[in-house]
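The next block holds one structure in the form of C-alpha cells; read it before the comments.
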Amino acid sequence: MTLVVEQPRPVTREVKSIPSDPKESLMDGGFVVDANSFGHTFRDYNAESERQKTVEEFYRMNHIHQTCDFVKRMREQYGKLDRVEMSIWECIELLNEFVDESDPDLDEPQIEHLLQTAEAIRKDYPEEDWLHLTGLIHDLGKVLLHPSFGQLPQWAVVGDTFPVGCAFDECNVHHKVAKGNKTSLPLAGLFIIRYHSFYPLHKHGAHQYLMNEEDKENLKWLHVFNKYDVYSKSKVRIDVEKVKPYYLSLIEKYFPAKLKW
C-alpha cells in the first residue's frame, strides 16, 4: 500500500518515554508464538505454504500497478472524506468480511488481527491507552476493499508500503481520515498508522533521507508497535464481547462518535 498524506497537526496529549531498547520484544503472555498460522517463521515470503502463491501474485500486481500517477489519483479520489459517515467500531465490523491476501502469516478475518495486536500491547503497556487504540485501528484503511468505498482490488489497499517517485529499493518484498476528523491521538499514533507497513524503512533502514527529526523520534514508537503487529498473529482467539466495552471507551475518548470516511 502506498499513501501520500499531509503532515498531521500537533496535539498536546503527553506521550511517555519508550523503553531504552525499542526493538526489544516485551511480550510474554500467550500472544507470542514461535511460528505463524502455517507453521513458518513470520514474514517469510519464500516459505512454501498454501498462502505462498496468493501472496506472490498479490505483490506482482502491487508492484506493477502502484505508480506515482495511481497514488496521486487515489489521493484525489479518497482525500475528500465524502464516502460515508460511521463510527470506528462500525468500520471495524466491516473488516470482518476480508482476509488480507498479502499476509503470509494469517488467514483470519481482520478483526482478529486488530484485537490480538491491541490486547498484546495493552498487556505490556497498560498506561498507554492511546497505543492500545492505535493497535485496534491501525489497519482500518483496509475498508477501501468494501463496496461502500469502491471495492478496490487488494493490490491497491493492503501489503507493505513503499514510496513512489523514487528508486525501487531491493528490500521491498514480492490517515488522513484521523486528522480530518480531529482525533486527539498523539502524533506518534498517527505516524504508526501511516507507516506501520513501511517495512523498507523501519525494518531495513531504507529511505531515511526522506525523514525529518520528528519522524526519527516517532520511528522509535513504530519499532515498539511493530513487534505486536507481527508477532501477535496466531490462532489465539479474542473474546470480542469481553473487550469491546474497553475499546469503545477509548474510541469515545480519542474520536468523535461519527467520522467522515
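Cβ atoms are placed via backbone N, Cα and C, with glycine included.
Range with TrEMBL annotation region 'Disordered', chosen from 1-23, 93-115, is 1-23. In the record from TrEMBL, residues HIS113, HIS138, ASP139, HIS196 bind Fe cation; the candidate from ASP69, ASP229, ASP239 listed for the same site is ASP229. Just so you know, the Cβ of HIS113 (Fe cation binding site) picks up 25 other Cβ atoms within 10 Å once every protein chain is counted.
Within 8 Å of the centroid of the Cβ atoms of HIS113, HIS138, ASP139, HIS196, ASP229, where the record puts Fe cation, the same chain has further Cβ atoms from LEU114, THR117, GLY135, SER197. Note: the Cα of LYS142 (substrate binding site) and the Cα of HIS113 (Fe cation binding site) are spaced 12 Å from each other. Of all the binding-site residues in the list GLU101, ASP160, SER197, the shortest Cα-Cα distance to ASP139 (Fe cation binding site) is found for SER197. With a cut-off of 8 Å between CB atoms and residues at least 6 apart in sequence, the same chain places THR117, GLY135, HIS138, HIS196 near ASP229 (Fe cation binding site), listed in sequence order. ASP160 (substrate binding site) sits 16 Å from HIS113 (Fe cation binding site), taking the C-alpha atoms as the reference points.
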